[in-house]
Amino acid sequence: MAPLLALFYLLQLGPGLAALFCNQNVNITGGNFTLSHGWAPGSLLIYSCPLGRYPSPAWRKCQSNGQWLTPRSSSHHTLRSSRMVKAVCKPVRCLAPSSFENGIYFPRLVSYPVGSNVSFECEQDFTLRGSPVRYCRPNGLWDGETAVCDNGASHCPNPGISVGTARTGLNFDLGDKVRYRCSSSNMVLTGSAERECQSNGVWSGSEPICRQPYSYDFPEDVASALDTSLTNLLGATNPTQNLLTKSLGRKIIIQRSGHLNLYLLLDASQSVTEKDFDIFKKSAELMVERIFSFEVNVSVAIITFASQPKTIMSILSERSQDVTEVITSLDSASYKDHENATGTNTYEVLIRVYSMMQSQMDRLGMETSAWKEIRHTIILLTDGKSNMGDSPKKAVTRIRELLSIEQNRDDYLDIYAIGVGKLDVDWKELNELGSKKDGERHAFILQDAKALQQIFEHMLDVSKLTDTICGVGNMSANASDQERTPWQVTFKPKSKETCQGSLISDQWVLTAAHCFHDIQMEDHHLWRVNVGDPTSQHGKEFLVEDVIIAPGFNVHAKRKQGISEFYADDIALLKLSRKVKMSTHARPICLPCTVGANMALRRSPGSTCKDHETELLSQQKVPAHFVALNGNRLNINLRTGPEWTRCIQAVSQNKNIFPSLTNVSEVVTDQFLCSGMEEEDDNPCKGESGGAVFLGRRYRFFQVGLVSWGLFDPCHGSSNKNLRKKPPRGVLPRDFHISLFRLQPWLRQHLDGVLDFLPL
């Protein structure tokens, strides 16, 4: 422990008193532990165990008398232990079904070890809904969905009896209610204890689940649950589109003229270490960047709290709608703002949110659509239960009343309560705070702060978006190459080399004109374009309806001047025979100078094409990417301005390709972007022509060029396209890419009505 920290605790005890440090004999059999402030009073000791085991007890706290405070086996109380209970790692087990109506399950055990399965079968005339086989996971929870045997005879479907719960209520018609409780007092019920069959045939509230006190959620489960509510809120743009599908449940439709208020509440109380608070901040930053990458109007509030809340950013500020300002404010949030406050006052931080809402309503007018159409999402990140102030549930009630949250306005408020760590997280309190909606979960407990960061890194999976929102790739760690660049397509015109292209709408592909050099264009109906991953079920072949090649392209145009190949106007369009269904494997990239790209860049509606070029290519060295034949995303640096002039000089020095060239501009016109000056720059291979040259801005991707030609082929002579050779000594590699900013007139001529273009 740091000397200054030890001195702080001595001073806290007052003059003449000595701090009593706690006993260090606190090891756990089969596990480890961490200390928040060494062995001094106030320090928190947290135990951890290998996957599939849990610590008992979970934690201890060093008191001022030098004794350890140890929790009861119950998840709701603590006591001062008269003797030290030996800490051990115990095996995790999953709860057994307490009842299964109209069917059987097997094997029948009191509880189930990690790795075991339980199977469900229905009686005759009943149909199984949910998972027929469920697997006991290392976090103490079953995978899959609750198995239910139903005959469909009632107004609402049989709500089932989830594992570990007991239900009263056998009728499922309109107005009927069912009630749930846990079959053991040691368990904690999350979800709705009471549900009512509604006129729309859906049960009110959310499915109740009983959990062991030591159970927790995996990051992928939480990310999936958040996606259900947030992905479609951010991606849906057509208010008349029917988005209700069985797999996704509820959808929030927000028009481009609508608005989302996002409130991020970060716990900074004493039980949160400064390191974990920094992870809270990083997670919030990831959330902000992801949400601002979608095409909706967003205001973000940031509030840190311990004994009292501190507003870092208010939704009432214009700055709350600027992603840069929001992230700057997040960075400025300091753990030390609350260093003298030891409590966790969740009520006060929620009342601060209520006050913001009240002020905004007063400003906009209670009866105006500007106020009524705002959606509100609250995300509470905490590592413990509220231990001071009024009941947080009362604050939630006031918020719901202010927003008039009733059955027909339930979609206008989502509250996510995320507990981090197993120190003193109160399942009951989290469940009371989280929203209750059919098919969704809003209360979670994660094992640690690192798991929280994983959620925000992997959330908002675009595979669920059904409209043609452009330039969105799946950046999660487990995404495939095609999911990261879903606009990438490949095709092979007859006997020519494979070429690449980019999906720019649901039916049009942009590529290079030289892919069609010396072939019979009337045979285009025989070509096949591979969209999606051609090596998996997600890949599909499309026929070509039409080919449009820039009329100025002629590879032999300057042969008489001693220039064997000339690639000006090296651009073409393919119209597919049918529209591509949007998915995580197939989605268009954003083309600059279009309305879609303008919204993705979050620029004002009055922006111009020149504004886009300035924003995307203003630096003399611009990091960008292209996609290799094997699907890998490779890196280049585009050169502009004076650096472009330096970059193209290598052409005149290459006497093997251009033996008599005296003026570089005869070969490299201002249509071309240049790369290859950096040693770490990748060089495209033959067969990668026509692919997108693109760059990213806040999780959205924009095509600024397409691969055209180069001075060095790193794959020449190699049958393995995964191996790229370095250029031999004396050879200066350079690559040239058609700039989409220079061929705007041609693009507008042929894509008018397909894409909405901005003024030049």
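For all residues, glycine too, the Cβ spot is worked out from N, Cα and C.
Record source Swiss-Prot places Cys182 in a disulfide bond whose other cysteine, from Cys156, Cys197, Cys210, is Cys210. Among the ranges 127-131, 267-271, 522-526, 637-641, the stretch that Swiss-Prot annotates as motif 'MIDAS-like motif' is 267-271.
Per Swiss-Prot, the candidate among Thr324, Thr328, Thr344 that belongs to the Mg(2+) site alongside Ser269, Ser271 is Thr344. Disulfide annotation in Swiss-Prot: Cys647 is bonded to Cys674, selected among Cys609, Cys674.
Between the C-alpha atoms of Cys715 (disulfide bond) and Ser689 (active site, charge relay system), the distance comes to 13 Å.
If you draw a 10 Å sphere around the CB of Cys22 (disulfide bond), it holds 23 other CB atoms from the protein chains shown. Comparing C-alpha positions, Asn663 (N-linked glycosylation site) sits nearest to Asp570 among the active-site residues His514, Asp570, Ser689.
Listed recorded positions near Asp570 (active site, charge relay system): His514, Cys515 (candidates Cys94, Cys197, Cys470, His514, Cys515; Cα-Cα distance within 10 Å).
Cys590 (disulfide bond): 25 other CB atoms within 10 A of its CB, across all protein chains. Between the candidate glycosylation sites, Asn27, Asn474, Asn478, the densest Cβ environment within 10 Å is the one around Asn474. Of the recorded residues, Asn474 (N-linked glycosylation site) and Cys499 (disulfide bond) place their C-alpha atoms 24 Å from one another.
Straight-line distance linking the Cα atoms of Cys470 (disulfide bond) and Cys593 (disulfide bond), rounded to a whole number, equals 13 Å. With a 10 A radius on its CB, Asn297 (N-linked glycosylation site) counts 15 other CB atoms from all the protein chains.
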